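First the structure, in the form of C-alpha cells, and then the observations on it.
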Amino acid sequence: MAAATGLEEAVAPMGALCGLVQDFVMGQQEGPADQVAADVKSGGYTVLQVVEALGSSLENAEPRTRARGAQLLSQVLLQCHSLLSEKEVVHLILFYENRLKDHHLVVPSVLQGLRALSMSVALPPGLAVSVLKAIFQEVHVQSLLQVDRHTVFSIITNFMRSREEELKGLGADFTFGFIQVMDGEKDPRNLLLAFRIVHDLISKDYSLGPFVEELFEVTSCYFPIDFTPPPNDPYGIQREDLILSLRAVLASTPRFAEFLLPLLIEKVDSEILSAKLDSLQTLNACCAVYGQKELKDFLPSLWASIRREVFQTASERVEAEGLAALHSLTACLSCSVLRADAEDLLGSFLSNILQDCRHHLCEPDMKLVWPSAKLLQAAAGASARACEHLTSNVLPLLLEQFHKHSQSNQRRTILEMILGFLKLQQKWSYEDRDERPLSSFKDQLCSLVFMALTDPSTQLQLVGIRTLTVLGAQPGLLSAEDLELAVGHLYRLTFLEEDSQSCRVAALEASGTLATLYPGAFSRHLLPKLAEELHKGESDVARADGPTKCSRHFRCLQALSAVSTHPSIVKETLPLLLQHLCQANKGNMVTESSEVVAVCQSLQQVAEKCQQDPESYWYFHKTAVPCLFALAVQASMPEKESSVLRKVLLEDEVLAALASVIGTATTHLSPELAAQSVTCIVPLFLDGNTSFLPENSFPDQFQPFQDGSSGQRRLVALLTAFVCSLPRNVEIPQLNRLMRELLKQSCGHSCPFSSTAATKCFAGLLNKQPPGQQLEEFLQLAVGTVEAGLASESSRDQAFTLLLWVTKALVLRYHPLSACLTTRLMGLLSDPELGCAAADGFSLLMSDCTDVLTRAGHADVRIMFRQRFFTDNVPALVQGFHAAPQDVKPNYLKGLSHVLNRLPKPVLLPELPTLLSLLLEALSCPDSVVQLSTLSCLQPLLLEAPQIMSLHVDTLVTKFLNLSSSYSMAVRIAALQCMHALTRLPTSVLLPYKSQVIRALAKPLDDKKRLVRKEAVSARGEWFLLGSPGS
C-alpha cells in the first residue's frame, strides 16, 4: 500500500508538468513557461524531466509544434541556467546544435536556448567553439528577425567574455565567421552590440588574419552615422551612442589607417556638415593610436582638407574640430621616435603649414589673418618642438606687421595673435633660459607692449595689458628696466578716467598677478607712488575737493588691495591702509561713511588674498584686528569734542564693513591661533581689558555689557563677527557669562542695531555649542527670555528677533527644540502687531546668511535643512491658512511663499499639485513681497512642470496679466517673465489665449521703466510666435 502511495506521488508531479507543457505547446498559452521555470528553480522538477515531458513535442512532425517545444525549453533554461550540471549542458548543446539545421521556424527558439547555455558556468571547454562554428555554418543570420539577430550577437558577446582563450584558438576563422554574421546589419540595437564585439576583437588581440580589410569594410560602411531615433523611442538609443561606438572601432587600430584615412578625407571634403564633423572628430581619435608610418602618405591631403575647412567654413563647430584635428596630427608626428636615417615628417609638415599660412599674415586687407593664426597656433600648441619651430618663424613676421600697420584695430589684431603664441610658450618648460624661443625677441616684444599700453585705443590697451601679464609670467623676459616701465604704465592705467573702467580693472588684475611674481619691483616702484597718492587723497578729502580727486582716492585704495598678493607686499600695504584709518580717526579729515567703507572693503580684499597663505593670514589678523577694535573702542568713548570720524565709525554701515573685515580675517585661522586671539577679545568685552590693543590709553572704561554708552553697546557687532567666525573646536573663555550678557542685551535696550547684534552673536554661538547640559541651559534661558519679552509691550520686537534667530540656529543643526520654536513662530502669524514680521521671518529661516550662521564661519549647517523644514512645517502652514480668519490669511500665504521660493525645485515638484492652489491665491494677496516671492517660485515651475501648470492656465494668464500693471517695478518684471515662461506650456493649451495676451502686453511696452519694457518685448514676441511653423 505504501509503495503504491509513493508511486502515485511521483506520477502526480509529472502529470502536472505534462499538463503545463501541453498548455504551452498546444494551447498557445505563455504563462506555463514561467510556472515550469519556477518549479525547476524550487526543485519541483529537473531540467531532464522537462526535456522528457517535451519529448513528443520536440519530435513532432509539425514545425510549429517543434518550435513551441524548443521555445518552452529555452525559456526555462534562460531562468535556470545556473542550476545546470556539466553533463546536462553537454547534452543540451548537442541537442541545440543539431536543431540549428531544423526548420526556420524552430531556429529562433534554438538560439534562445544557446544564449542561455552561453551564460552557464558549467559549460565545458571546447563547446563555445563548437556552438559558434555551428552558428556560422548553419544559420543565415541576415534572414532572421531583429530580436533573433540580437540573440546571435549576445551569444558571441557572452562567449568572448567567458571563453576568450578558446575563441582565440579559432584564429582568423572566428573573425571571418563574425564578419559573415554582421554583414548587412541595419538595426541600431544590434549595431551597438556588433560595434562592441569588433572593438573587443581588436583591443583584446584576436587574430584578424587576412581579413583586416573585410572587417574594416563591414564596419566602415556605416560611417558616417545618419541614424535619427524615432519619436518616443522606447530603446533610448541616440545617434551619438552609435557615433561614439563606431568611432571607437575605427580608431582602435593602426591597421585600419590605409583604408580609413582616404574615407575621412573624402567625407571632410563633402558638403554634409555632420559628415565633416564626424570625420574630423574620428581623425582626432585616430591620432592617439597612429604613428608617422600610418600618416605619412596622407599628410598633404589631410592638411589640404583641414586648411580648406578652417579658411572657408561658415560653421564654428567645423572650424573648432578642424583645429583640434590639426593639433592632434602635429602631436602624433611629434611623439613618434625618429631613426637617424628617417625623414623628419614633423619638420616638413610644419613647413607646409608655414608656407600656406604666412603670406596671409602679410596681406594688407588681413582677410585670412585670423584663420591662418588659428591654424598656426593649433599646430604650435601640440608640442614644444612644434611651438619652437612655428613661433621662431612667425613672431618676426608679426612684429614687423605690427609696425607696418598704423591703425589701432589692426595693431590690436596682430597683438592678439602674438599673445596667442606667447600663451602657448607657457605650456613647455625649458631648463636653459637661453633656449627659450622668445629670448631673442624679448626687447622687441616689450617695446611693442609698451606702445600698445600708451595707445589711445582702449581695446589695444586691454590686449597690451594681457600680453604684459603673459610676458611677465615667463622667467627672464622682463628686465629690471622693463619691470619699472611696466609698473609705471600699470600705475597710470589704474587712474584713467571713468570711460576707461575696463582698462582700470584689467590693470589692477595684471598688477596683482605680476606682484606675485615680482614683489620687489612693485614694492620699489609702485607702493611709494600709491602711498603718496593716498596721502594726497587724505588732504583732498579733508578739503572736500571735487569728485575727481575723491575718485582717485578710491582707486588708490583699490590698487593697494589689488597688489597685496605677496606676503612681503602685504606687510607694506596693510600698515598703509590701517594708518589711513588712524589718520582719519584723529580728526584730520572730514570723513564720510563711504570713505571708511571703501577702506574697509580694501582691507577685506587683502584679507581674502591672504587666506591662501597661513603665515600671511596670521600677520593680517594679528595686525589688523586689534587695530580695528582699538579704533572702534576709541570712537565709542565719550569725549567733549568727538571728531566727525568717531561718529562715522559708529554708523551702522561702517560697523558692518568693519565686521566683514574682522570676520574675513578670522574664518581661516587654525584652532591654535584662534585660541590665542579669543583669549584677548572676549575679555575686552566682558572685563574691559584693553591691554592687547595698540594705543590703549582710553579716557574711560570700555564696558559694553554693563552701563556703557550706546556707542559701546553697538560694538557688539564686531564681537559677533569675531566669535561667530571661529572654528567650532575653539574654546571661548567665560562662555556662560558671555551668553547671559548677550541675552540680556538682546532684549534689554531700545537700540535695534545693538540688540540685533547681540541676538545674532547669541544664535551663532548657540549653533556651534556641542550637545550637552550647557546647551540645554542656554536654550532654557533663551526660551524664557523670549516668552518674557513677548509678554512685555516694551520689548516685543527684540524678543521676536531673538526667537527668529534662535530658531534659525537650531533649524540649521536639526535640534529637536526647533520644532517647538517654529510652532511658536507660526502662532505669531495671527498676532496683530508681529504677524507680518513673523511671515517675513520664514524667509530668514530658509535663506543663507552672509554674516553669521554660515558654512564659511564654521556654523553647523546640515545639507538638507530646507527639505526637512519643508516636510516638518508646510502641512501646518497650510492647515493654519485654512483655519485662519480672512485678515490673517495673507500672513500665512507670505510665510508659505517664502518657504516654497527657497526650496530646491526637485523637492517642490512632487508636492506641486497640492500646493498650487495656495500659490495661485497668493498672487491675489495685496502685499507686493508675497506677489514677488510667489512669482519667483512659479517661473521655474512653468519650465519644469508644464503638464501640471497647464491645468491652471486660465488662472495663470489672468493673474500674470493683472500683475504686469502692478505699482511695484519688480513685480511687473517678474509677472512678464512668467508670461514669457508660460509659452513653454503645450501650444494647444495656450492658443485660445494668444490674441488676449498680445493685446494686454501692448500696455507694458510703453512702461516708463526700461527693464519692464525689455521684458514685455521678450514675452510678447514669444506669444506672437505661438503656433507658427517651427516654433
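Just so it is clear, glycine is given a Cβ too, placed from its N, Cα and C backbone atoms.
Listed in Swiss-Prot for this protein:
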type: MOD_RES; residues: A2; note: N-acetylalanine
type: MOD_RES; residues: S1028; note: phosphoserine
type: REPEAT; residues: 867-905; note: repeat 'HEAT 1'
type: REPEAT; residues: 909-947; note: repeat 'HEAT 2'
type: REPEAT; residues: 950-988; note: repeat 'HEAT 3'
type: REPEAT; residues: 991-1029; note: repeat 'HEAT 4'
**Request:** State the non-local partners of the repeat 'HEAT 1' (867-905) in its own chain: residues 6+ outside its ends, Cβ under 8 Å from one of its Cβ atoms.
**Result:** 811, 814, 819, 822-823, 826, 829-830, 835-836, 838-843, 845-847, 911, 914-915, 918-919, 921-922, 925-927, 929-930, 933-934, 936-937, 940-941, 944
**Model confidence over the repeat 'HEAT 1' (867-905), averaged pLDDT** = 89
**Prompt:** Do any residues of this chain, six or more beyond the ends of the repeat 'HEAT 2' (909-947), have a C-beta under 8 angstroms from a C-beta of it, and if so which?
**Reply:** 840, 843, 874, 878, 881, 890, 893-894, 896-898, 900-901, 955-956, 959-960, 963, 966-968, 970-971, 974-975, 977-978, 981-982, 984-986
**Request:** Mind giving me a neighbour count for S1028 (phosphoserine)? Other Cβ atoms within 10 Å of its Cβ, every protein chain shown.
**Result:** 8
**Request:** Return one of helix, strand or coil for S1028 (phosphoserine), based on DSSP.
**Result:** coil
**Prompt:** Could you give the number of helix, strand and coil residues in the repeat 'HEAT 2' (909-947) as assigned by DSSP?
**Reply:** 33 helix, 0 strand, 6 coil
**Prompt:** Per DSSP, what is the residue tally for the repeat 'HEAT 3' (950-988) in helix, strand and coil?
**Reply:** 28 helix, 0 strand, 11 coil
